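According to Swiss-Prot, the features are:
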type     : residues                                                     : note
ACT_SITE : Asn424                                                       : active site, proton acceptor
ACT_SITE : Cys426                                                       : active site, cysteine radical intermediate
ACT_SITE : Glu428                                                       : active site, proton acceptor
BINDING  : Lys6, Glu12, Pro13, Leu14, Asp15, Ile16, Thr17, Lys18, Thr52 : ATP binding site
BINDING  : Thr200, Asn424, Glu428, Ser661, Ser662, Ile663               : GDP binding site
BINDING  : Asp223, Asn224, Ile225, Arg253                               : dTTP binding site
DISULFID : Cys216-Cys497                                                : disulfide bond
DOMAIN   : 2-92                                                         : domain 'ATP-cone'
SITE     : Cys216                                                       : site 'Important for hydrogen atom transfer'
SITE     : Cys497                                                       : site 'Important for hydrogen atom transfer'
SITE     : Tyr763                                                       : site 'Important for electron transfer'
SITE     : Tyr764                                                       : site 'Important for electron transfer'
SITE     : Cys784                                                       : site 'Interacts with thioredoxin/glutaredoxin'
SITE     : Cys787                                                       : site 'Interacts with thioredoxin/glutaredoxin'
Amino acid sequence: MITVVKRNGRIEPLDITKIQKYTKDATDNLEGVSQSELEVDARLQFRDKITTEEIQQTLIKTAVDKIDIDTPNWSFVASRLFLYDLYHKVSGFTGYRHLKEYFENAEEKGRILKGFKEKFDLEFLNSQIKPERDFQFNYLGIKTLYDRYLLKDANNHPIELPQHMFMSIAMFLAQNEQELNKIALEFYEVLSKFEAMCATPTLANARTTKHQLSSCYIGSTPDNIEGIFDSYKEMALLSKYGGGIGWDFSLVRSIGSYIDGHKNASAGTIPFLKIANDVAIAVDQLGTRKGAIAVYLEIWHIDVMEFIDLRKNSGDERRRAHDLFPALWVCDLFMKRVLEDAMWTLFDPYECKDLTELYGQDFEKRYLEYEKDPKIIKEYINAKDLWKKILMNYFEAGLPFLAFKDNANRCNPNAHAGIIRSSNLCTEIFQNTAPNHYYMQIEYTDGAIEFFEEKELVTTDSNITKCANKLTSTDILKGKKIYIATKVAKDGQTAVCNLASINLSKINTEEDIKRVVPIMVRLLDNVIDLNFYPNRKVKATNLQNRAIGLGVMGEAQMLAEHQIAWGSKEHLEKIDALMEQISYHAIDTSANLAKEKGVYKDFENSEWSKGIFPIDKANNEALKLTEKGLFNHACDWQGLREKVKANGMRNGYLMAIAPTSSISILVGTTQTIEPIYKKKWFEENLSGLIPVVVPNLNVETWNFYTSAYDIDAKDLIKAAAVRQKWIDQGQSINVFLRIENASGKTLHEIYTLAWKLGLKSTYYLRSESPSIDEKSVLDRSVECFNCQ
């Protein structure tokens, strides 16, 4: 008699009918698969004391190996088999235990934050859990959920099932609501039906003892040693808790600049960037992956040429930073000089600091004044030559990222409260930031303390006038001897990204958008108050502007299922209509929340307060891409303007489209706003290579799934421009180009078009041609984990 060893160690006789029940359940109601084919191809070699786990893994591997373009449903067979195995690991049977048991077990193991479950009616919420929704997962989706998101104990044993995860996240994010059971259920319904999804940090950490829910952070470094090294500390803390980082270094004086009155004393930004590179490597996010830091520099900075070469493998290694992601902050004036084939002047920010505070006409006026000033240090380069160098690096390495300073700031709804200095790691977040401000703290021998600005002139009792930062313990002020003079900081602003995405493959009607968008805006607004913040400054900034970033994913699937060709007129009209609805209901919800919970602190004098919305500042050329133009809008925008003026806004920033690769895999849709990579490819996982087929591939959708490399890159830019009309922040936009189609002229046309159509940024240039080998593996090594 052949026996099997169960997971609990019990030995019992082999019962073939149990295996057949599993294989039948796994293949039921799925086209193109069969129970008998699964059992035959598994070639199970039964032997005495074979483990049930081995049988299960063999069946899963068999199903995975059968996933192909003409048989995509084997992915759902593999997912069901994996789920049956997961149920037994977590519950001890094929199903769910009570929600209360799940919480008590996870709390006992120290994995769930204590104290919030008691606020809820657990009996009611348990009755609303829908285990059948687990069958929405394809195999890569459930594997991704298991590997990255489901809670595990100290021995890496899973203690959570998918629907419990969605419900506990919903409860955590609804715990401060008045009608908390109702709101928790609304959150659960949207998440568990894959109608929308939170970004990775929220999915992974909401409900846990370390509830760091934000995706990434954006900061700025001042031009002094104290500020530069305070920035490293801040980056380290933010990276420690899993945040991606975008950081502006444009204020740091250039190579050859003055230090303490001595010319040619400064080594410039590059040595400081090298230290930032070491921070990214040293603070490696719990040992799972190195930190991810994008560094931004204004294009007029004297160090720009070296900055572009930051990741080059040749040259002086002391002036290289191979693990940073360089990004250029590009102004309109530079792009105009490129088109005019004119000269471009580079400056030292030590002498031209105010250029970092200006944009548009004010920037151009000041820049021209500096060009004429003979006392200012400057260097000259042909603008077109610099542009060629940028594009060549972009083609060879996919970097530096490009972000357009004036496009970003022209459409900043909070321009009254600051300036946008850079974007984030994935180039979709655009919010005000500010470096720390440093001043002098003078402590006297009698214990008294007095404060001065660094450059404030002070006259000592010896009748010597000097800047406050030159005071020492030998000085006496008004009869009081100085004990020590130190430099102290007043916090600037470090912006925060709290992200989620609407799944367009499921939510693409006016009725559904009207239902789902308000739920997700409320959810993201709650993230702000329930988040764990790594330091005081980021919390203060987030509470000041209450920024969120609602985006979309699944655009390619939605288009294919509606039989709309990418880049067609129908495509642009469709996304124009969808983005109008999403923008309208996001703003409307924020206005409703403002009435319910209060306005964000900087609302007064903002563009919102004047009834000026993103569409009102849309790029004129982008408006011409669809017939809608300035008119024929489907929504009552005038009524909403009056409502916002009356109610205010809960959130200073509302929309941003992030990359979403992880969460789009999770819900089984196409990535963000991008076309597909191929109809079939392989994802690398801890388990090996997993075949993936685009969702819902069939006779009707086949011709409408077009590879990104077969689409004119300018069509990607035009589609992005149509979306951008409705978005207050930005989009993470990759450009795809076959190597054989690449040329300097082509790259120039693509990126100048992006600028002309009002885009705020572009992300990677993916120029490698997809392999003709069937085993094409999608490279995700360069992607930001946190914005997904």
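Cβ coordinates come from backbone N, Cα and C, glycine included.
Shown on the structure are the features that Swiss-Prot records.
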residue : record            : contacts (Cβ under 8 Å, 6+ apart)
Pro13   : ATP binding site  : Met1, Ile2, Thr3, Val4
Asp15   : ATP binding site  : none
Thr17   : ATP binding site  : none
Thr52   : ATP binding site  : Val4, Val5, Lys6, Arg7
Asn224  : dTTP binding site : Tyr438, Lys487
Query - Residue from Asp223, Ile225, Asn424, Ser661 whose C-alpha is spatially nearest that of Cys216 (disulfide bond), among the recorded positions - result: Asn424
Query - Local confidence of the prediction over the domain 'ATP-cone' (2-92), expressed as mean pLDDT - result: 89
Report summary line: Across all protein chains shown, the one of the binding-site residues Lys6, Arg253 with the most other Cβ atoms within 10 Å of its Cβ is Arg253
Query raised in the report: How far apart, in Å, are the two Cα atoms that lie farthest from each other among Lys6, Glu12, Pro13, Leu14, Asp15, Ile16, Thr17, Lys18, Thr52, the residues recorded as binding ATP?
Result: 16
Query raised in the report: Excluding Asp223, Asn224, Ile225, Arg253 themselves, which residues in that chain have a Cβ inside 8 Å of the centre of the Cβ atoms defining the dTTP site?
Result: Pro222, Gly227, Ile228, Leu251, Val252, Tyr350
Report task. Please find which two of Thr200, Asn424, Glu428, Ser661, Ser662, Ile663 have the most distant C-alpha atoms, given that the record lists them as binding GDP, and give only that distance in angstrom, rounded to a whole number. Result -> 19
Query raised in the report: Per DSSP, to which secondary structure element type does Cys497 (disulfide bond) belong, with helix, strand and coil as the options?
Result: strand
Report task. Express in Å, rounded to the nearest integer, the largest CA to CA distance found among the dTTP-binding residues Asp223, Asn224, Ile225, Arg253 named in the record. Result -> 11
Requested in this report: Taking only the Cα atoms, work out how far Tyr763 (site 'Important for electron transfer') lies from Glu428 (active site, proton acceptor), in Å, as a whole number.
Outcome: 9
**Report entry** Distance from Thr200 (GDP binding site) back to Arg253 (dTTP binding site), taken between C-alpha atoms, in Å
**Finding:** 36
Report task. Out of Asp223, Glu428, give me whichever of these recorded positions has the highest number of other Cβ atoms within 10 Å. Result -> Glu428
Report task. Write down the Cα-Cα distance for Ser661 (GDP binding site) and Glu428 (active site, proton acceptor), rounded and given in Å. Result -> 14
Requested in this report: Could you find out if DSSP has Asn224 (dTTP binding site) as helix, strand or coil?
Outcome: coil
